[in-house]
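Listed features, source TrEMBL:
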type	residues	note
REGION	1-66	region 'Disordered'
COMPBIAS	20-30	compositional bias 'Basic and acidic residues'
REGION	111-145	region 'Disordered'
DOMAIN	167-547	domain 'Amino acid transporter transmembrane'
TRANSMEM	174-193	transmembrane segment
TRANSMEM	199-222	transmembrane segment
TRANSMEM	242-265	transmembrane segment
TRANSMEM	311-333	transmembrane segment
TRANSMEM	353-374	transmembrane segment
TRANSMEM	386-410	transmembrane segment
TRANSMEM	466-485	transmembrane segment
TRANSMEM	491-515	transmembrane segment
TRANSMEM	527-549	transmembrane segment
Amino acid sequence: MRNSVSDHSFYIESDEEDDHQEKHLDKSEENGDGNESDSSNYSNDDDDNHNDRLESKPSSYNPAWPQSYRQSMDIYSSVPSPSLTFLGTPSLTRLGSSFLASSLTRRHTPEVLPSLHKPLISQAEEDQPPQRRSSHTLLPPLPSRRSAIKKFPDEKSVAHELPVSRQSSYGQGVLNGINVLCGVGILSTPYAVKEGGWAGLSLLFIFGLLSYYTGILLRYCLDSQPGLETYPDIGQAAFGTVGRIIISIILYVELYSCCVEYIILEGDNLSALFPNAHLNLGGYQLDARHLFALVTTLAVLPTVWLRDLTVLSYISAGGVIASVMVVICLYWLGLVDHVGTQSKETVLNLSSLPVAIGLYGYCYSGHAVFPNIYTSLEKRSQFPAVLFTSFAIVTALYAGAAVMGYMMFGDSAESQFTLNLPTDLVASKIAFWTTIVNPFTKYALTMAPVAMSLEELIPSNHTKSHMYSILIRTALVMSTLFVALKIPFFGFVMALIGSFFTMLVTLILPCACFLRILKGKTSPIQVVTCILIIIIGSISAVIGSYSALSKIIHSL
């Protein structure tokens, strides 16, 4: 898992050249000339130039864990150029190609874990002078944009090795935002209306508005100090090393829970298509749901072993298309095929409204990636517009599916509206198979950040062995199967994730970090708004989590 000697020497040479260039730039700035040689690739907007200067300054937010967060979330949230590698060290050519040819992420790099010689938490490191590092330090030092562009134009051995900008445009940022926000939660929106009634649908728009505002707060936090690039960085700036670790654990557990949801989803939908499937295994009878959950786990296991996930990340961009396709199929079945049941509809259901809170909250669980999207934008001043467009499109999709699904099935709506669809119609089959195929590309990307964070804890004398990484990833995948079989309630598990984890990550923590980091620099309106959002998020988390847990325990 360690780079070859030639690779290592290349990076050292690149870093030395980069350091020389940065010293030259710093000297130029002292003389009143702050323009960089590649300034044509940056916006002339004052806000963008300010952020570029912040980024070039040293970063002091570099604890040993998690170092892999930035890279793993870049892979999880964006669409790089395809490349395929199993556990192992990629060649320098492919590494440089993947680094330069990434079109939607500014710092995407393949998932490579070098030997780690640091403890979990290094207190002494916080006392050291700031170094020019960030959360990228898990990977080998890569050439900067200036040095990379200088070195690679003469390389013509690979056709796609072109010095493409690592910064994303407005449209690419919107695509990444939609891809992160719009997931399997769209399947449960009719069920959420069933649980809360028509009046409860207003929660979708309320949470959307609040989530958009807290996304903007994350931007203010990132701009407050140099070196802040990720959500854990913000947590450390606000609450120290403990804050960084707690926020990281919350984010990783949320991602792990989403993988459990994928296994439950596959088992439910495949067993609906093939209800008579079964298997006798060592005297144990596996019904359709258990069988397909096991088959799904075995199918995704090799994808989790991949060390370079850019192929899956490229394919997973189809998640946006898949969500739109499923909604179109739902409307086709309702308006053209006239599928539906004559079930009564409820205006307001107070008894199960807490479950709806968690389901609607789950729809906006993208804040873990918003810092990555922000720092990857070519024009960072466009971030509010990127975020607004993403939220508007996603909310329209969620609301459209919720309204049509509940009008079709009423109070008989299942936790996934695909389970209400007849299996003999063409539109139903398209919706089923789109829903089934999509998680196969998402699972490995969602589990990758969790696996990479655990691999950082491998003792330094064992990091050369790939077997430890394989064992960790295999154990994670099999554990999601175990949890999915023990708690096979898609809607209730989603409600629990949305109530507890999403409320923390989306509403409570952004406001708390904002108030702590920008203490004394906030307006009274901002303070009151943040406190109000924290109260709303806390109440929603408590009553939503209690209701979801109660229903899970009762169902067991």
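These residue numbers are counts, starting from 1, taken along the chain as shown.
Cβ from N, Cα, C; glycine included.
Just so you know, TrEMBL annotations never went through curation; they're auto-generated.
Remember, it's a predicted structure, so these values are computed and weren't measured experimentally.
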Folded-back contacts onto the transmembrane segment (527-549), same chain, C-beta under 8 angstroms, at least six residues removed: 210, 213-214, 217, 352, 354-355, 357-358, 361, 492-493, 495-496, 498-500, 503-504, 506-508, 511-512, 514-515
For the transmembrane segment (174-193), distant same-chain residues with Cβ under 8 A (at least six beyond the ends): 77-79, 104-105, 168, 200-201, 204, 258, 261-262, 265, 316-317, 319-320, 323, 326-327, 355-356, 359-360, 362-366, 369-370, 373, 376, 386-387, 389-391, 393-394, 397-399, 401-406, 408-409, 413-418, 435, 438-439, 442, 490-491, 494, 498
Contact yes or no, the transmembrane segment (353-374) and the transmembrane segment (491-515), 3+ Cβ pairs under 8 Å, gap 6+: yes
Per Cβ pairs under 8 Å, the stretch of 199-222, 466-485, 491-515 packing most closely against the transmembrane segment (386-410): 199-222
